[in-house]
């Protein structure tokens, strides 16, 4: 049986870890490399770096942060933000990233996903989907550019399409729940997870440890991502994993 993964997410803006509510109102949470080293020591299964300004403000990729993290950490690292070309992916992988997350560029040009998967293998290509519920309907729309730009694209159909093109994993964030601490958008998570044959990482809204369990058990995700509950010391990675084990979920526990 697969082991459920617990993945801290480090949103990085101007070289600092930040955490906000609904993609805005950002507050500082520390140095990204120091945070990565701490999470590695704490037993995180993976780490996700997202440069949340890279696409919006056309910034380059934070290669120095990636390089220093890869040198210091054993856990797999996924990096996203400002990834627009095959060369961007190559540079990140050479800098030490294990997987690369594509967001706005995949929406703008679906074939980019296919090109990336064919060149580097689907195991290292993650498509990040930021979705918001369409009012009054069981439908979710994709937003890009750090959640600033609506697309009119249906999230479920898009997920199925990018998986058919070679995406090896979906990183799914509910913009309605992001930073609210009210739990994952379970209907959205389940709808995406049940519609594709690749791992789905649930993201957006974790406020307590039960929410992590719900993402797997009710949302059918294969991994859960959280930020603020870990960044500000409310819970440790070990506490999260122990709680999930008590709930009957298969976890990797370090000695």
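Here, residue 1 is simply the first one shown, and the rest follow in order.
Backbone N, Cα and C atoms are what each Cβ position is placed from, and that goes for glycine too.
What Swiss-Prot lists as active site is 11, 130.
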Quick one: of 11, 130, which of the active-site residues has the smallest count of other CB atoms within 10 A?
11
How far is it from residue 130 (active site) to residue 11 (active site), counting Cα to Cα, in Å?
14
